[in-house]
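Chemist: Quick one: structure below, then a few questions.
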């Protein structure tokens, strides 16, 4: 209810502030018998962690996950999987300048109004550091969903938009460059652009596209918990996300029904897939694909004017180690959230029929 | 869990197929003491009902709500509000042609796969008729949230996009035309266009923009249940919706942080509002605004090829009385879902502090 | 959250006041494909309804259920089952005497304090009439759980306690007498006793014992949602219930571990069953049995002193048509709640393993 | 859903096996601004921990809680409180004898059937060690509920039953003896009896009585989530509990309504309190009191016959360090669960009225 849990049957609850002792979570409802490779969890965390390349924040956080429970002799036991990532690089002094003033387009102000006060160190609970816990749980979900392939990648940075459809891409190239764009030429352009933005002390937005393949027919519930509605909520819950569209998305509104409808093949697949793998909220066995829009990160390393707690104007200099563009590191988070949604509906789909 | 409930504290559960005896729902958690005008509920239903103008489906459904409980002497009692809308215009024969074949881009096929069989009459549970129950509950939520103004309107039909920002509009004009577009000139163009689409037996998509004003600071939970994530899920759960964006949305990705950030005024309001009234998932007191993309309705009154249950190709003639464009009638549904989200978070926000 | 829903996957939400237009509910999550005999639902309702014998309230309520949705061609469709029971015998004047005063050991006073006011007619939402909706849903659950036998019966009325264990009883005799005690001799004593209590205008408490047989191994979750904990909550939620015990229950506390432990047979069954069919919160395949204690109904047809809204002492004469002993009519309610619990855990158990 | 969470708004999720790396949990929904004394949490843990006296298990576990998040400058921040208790005394070899055989009246057998395999070390997740996490959360709940007094104590061990009502007791004596019975004379008898049981290598059951005082009027929801139903579920979820009764409980069934009803005083309090502080599921401001029945612990230090995984008979010798009687150490657990229930309903009660 207080918003720190996600999923119903395959359910993650997270905790932790960016500068507290640890962040972590409990994954409850993972079925027993999943052979779990802890190394794979750590590899996903490494995809998200700071300092991995020249175009992301240079903070040094090892982000090592410690699993406390729920696994025995290499397999999940059906009991909750508790885990923690200890915070080891807490430079609280870096944040002293925001203790008494509110950064524009950050959560500082609303936290103070909502809760009466806040842990101001590094954004506290509103820090994107929280998403590391999602990546841990998502990595477990992926291992549970071993038949499903989930691939996310950067498809746009600022105005730089990849022209290709996902079918034209080689997903194995996603990890070949620091931007995580599987089109090497475009990746290079994006990287150069992010570097120039970084030099300005500024930030830029972007889009992540995600594709889930080999999803069985029947996931998703028909009314409020439509598969795409839950995917949308999952993506919109990631820091800095401003929009979500699936299948034909916002472009689809310009089409006529006669153009937009996906005709059936005799085997129940469809000739086109403007539906994005979801019909009436339920997966139809075709590829699920969607776009997630990220705004430019609010923290800029420039001087800016804002207000303090008393409402007085103050001039502040943004500092610290921040991402000039959030999308490269957000790729594993998008995949993790997609995996959590699909794992949850996979379990729920077991209850539809007698 | 089975997806027919929405909200946690202010919680709607709906039931009903388009051609069963009745649709309806239970609204649980509405606080005691709300003075409830049943007439206002019916007025909202009338905005959604078929047959209201020349550009919507010509089905004749009175859509009269019957309230069974939870109200005493004109006020809510704090106990669940049960209600039903009896189905009176069930022309089941209209749908006999879809009993054994699957309409493209409809839920027919996935329902059969998920549940083993389906109530094929009029789309059954997947019919947009289900949204009438949402409108009932939303109308109650609006009366509970009497200080908040929620206005939705049509901002795009096909390629016809209203150029004005919502601040330039007079919301009192929304109901002045059958399209529900508050820009009379554009409304006329949209109406003409929808009529031409209808003549072709085709359909067209559109966008609804929604603005919530006077929302108090502090609604929304910081991690998974961010205000905009829940609004997004709410909107994406409406039939035919393909995308959601709030504040700067998909356009915001092209901006730099230095351009995108909303500078504070001394009173905590912001000079711009690219954030769309939400910071870190929590309302900041500014206007909340978002766009909802609707695809063209799948039912077209043309001949089309599809498959039957045996996977054999069949040619079918679309018939019945359907909407050429769903957005005019979806305006009250978008408002209803927004009201349900805000009502739920309003209650939850009472528990944040000691 | 507001307490009008029960179950997670197999989930009932109820609505309705005793003197409103209707009571009813929505049963969500019942799997598709259950062949449903509506007549059997009505038969269960008839076991609960007023006026069925000389020892229960003489109100005349037909309690006819109307099912609105979720069933097609005789089978459940997997969509929510909405239903209502219209109130036809609302003698509101009977209750005018309680409008301004508080009946002792009733919910009148706390409702006024909690909600600010109340629907005082017939107890409103706190009336046991609400349990009719549970019986409807329980009757559906029983048909879903066709392999499990659930039998409840009256085992004690006041000091009259049946000496036999449930294994010595013939459950087919439960419905052979108005008390619903399968020991005919004891049933006669109980009936005579209840009649004498009724003559005094007084009421008396009792115990219902319930036995669930042929329950598969593995239902129930190990920590908070232990099978017996959820059964206990289910029973304690029935009006007038004051206690719950399962297996050896309160008597078991006097035993030593060496006496109390249930030794295994080679096939995994146990030689004794002090555990009551539940080990560590999980069904072990043995009979589940438990006792539910009901207090004497608070409404007595005698003169009594109480207070009015202003806190002034008033003398009131109890009137109306009430049960001298609640247990005979509560038997189907206990069975219904047990069925709802077992149905919910049956679905959940499908998600334990890969 | 998988049963490792408790509460809705004030919600605890626990994890951990007795012989894994750590147990712990996440407490979500605790309002911001609670001044939290970590020392008090540890004191409650010390009341539960092994080795505290001669009549409890002699295992040595420091049970030191480490709080990871949700607290800043001595106060709760409104964000989730993550915590862990590291397991330091894992003598796994002690449990090798149960790896392949099933202890009678333990959860070994049903875990294997439900999940396919189990972490057999020390009972794994079914170990009462899990309740330490509940005590941590309960200690926080108590500090949130600073106006409410919750006192639990041992009122019966085997046949030794304290004759006094709780009003005659001095709660400050509860901690004066290792049994936690506030009647010193009876406490001594109980202690002697438990010692003799321990000498036999046997175990014995008992009853804990709990009293919550100064509870405001209006906690609890009227239908399924009655205050006493949720208290009952909370208590029945504690290991070894077999029964729950509140107010007049099982004794109340023998009374007539005219004897049982609680007459009002002019101020709304009642002259008697057979209702146990709850009317119609809602607190009425009077003391809430209830009894919780614990069976004799299943682990006896005697030789016993059982079966192995193949269903073959084996003779086993119980060993390890176990409690001869569980009730002295269960007192803080009962209080913790009561506090969690009251904290949850306290938050929910803020949403009843406009």
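The backbone N, Cα and C atoms fix where each Cβ goes, glycine too.
These numbers come from a predicted model, not from an experiment.
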Chemist: Can you find which of A:321, A:350 TrEMBL lists as binding FMN at the same site as A:125, A:126, A:127, A:239, A:240, A:280, A:295, A:296, A:297, A:298, A:299?
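Modeler: The record-listed residue among the candidates is A:321.
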Chemist: Return only the integer: C-alpha distance in Å from residue A:240 (FMN binding site) to residue A:48 (NADP(+) binding site).
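Modeler: Between the Cα atoms of residue A:240 (FMN binding site) and residue A:48 (NADP(+) binding site), the distance comes to 15 Å.
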Chemist: Among A:125, A:126, A:127, A:239, A:240, A:280, A:295, A:296, A:297, A:298, A:299, A:321, recorded FMN binders, what is the largest CA to CA distance in Å?
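Modeler: For the residues that bind FMN, the greatest Cα distance is 44 Å.
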Chemist: State the three-class DSSP label for residue A:125 (FMN binding site), counting H, G and I as helix, E and B as strand, and everything else as coil.
Modeler: helix
Chemist: How long is the line from the C-alpha of residue A:297 (FMN binding site) to the C-alpha of residue A:48 (NADP(+) binding site), rounded to the nearest angstrom?
Modeler: 16
Chemist: Compare the Cα of residue A:48 (NADP(+) binding site) against each of the binding-site residues A:125, A:127, A:295, A:299 and report the nearest.
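Modeler: The smallest Cα gap between residue A:48 (NADP(+) binding site) and any of the binding-site residues is with A:127.
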Chemist: Per DSSP, to which secondary structure element type does residue A:48 (NADP(+) binding site) belong, with helix, strand and coil as the options?
Modeler: helix
Chemist: Name, in the order they occur in the sequence, the residues of the same chain whose CB lies under 8 A from the CB of residue A:299 (FMN binding site) and which sit 6 or more residues away.
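Modeler: The answer is A:103, A:106, A:203, A:318, A:320, A:322.
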Chemist: Near chain B, which of the binding-site residues A:48, A:125, A:127, A:240, A:295, A:297 can you find when the cut-off is a Cβ distance under 8 Å?
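Modeler: Listed binding-site residues meeting the cut-off: A:125, A:295, A:297.
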Chemist: Taking the Cβ of residue A:297 (FMN binding site) as centre, how many other Cβ atoms lie within 10 Å?
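Modeler: Here the count is 24.
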Chemist: Identify, in sequence order, the binding-site residues in A:125, A:240, A:299 that approach chain D with a C-beta to C-beta distance under 8 Å; the answer is 'none' if none do.
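Modeler: The binding-site residues close to chain D are A:125.
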Chemist: How many neighbouring Cβ atoms, not counting its own, are there within 10 Å of the Cβ of residue A:240 (FMN binding site)?
Modeler: 23
Chemist: Quick one: give me the count of other CB atoms within 10 A of the CB of residue A:125 (FMN binding site).
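Modeler: If we count other Cβ atoms within 10 Å of residue A:125 (FMN binding site), we arrive at 28.
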Chemist: Any same-chain residues 6+ apart from residue A:295 (FMN binding site) with CB under 8 Å of its CB? Would you list them in sequence order, or say none?
Modeler: A:205, A:240, A:241, A:242
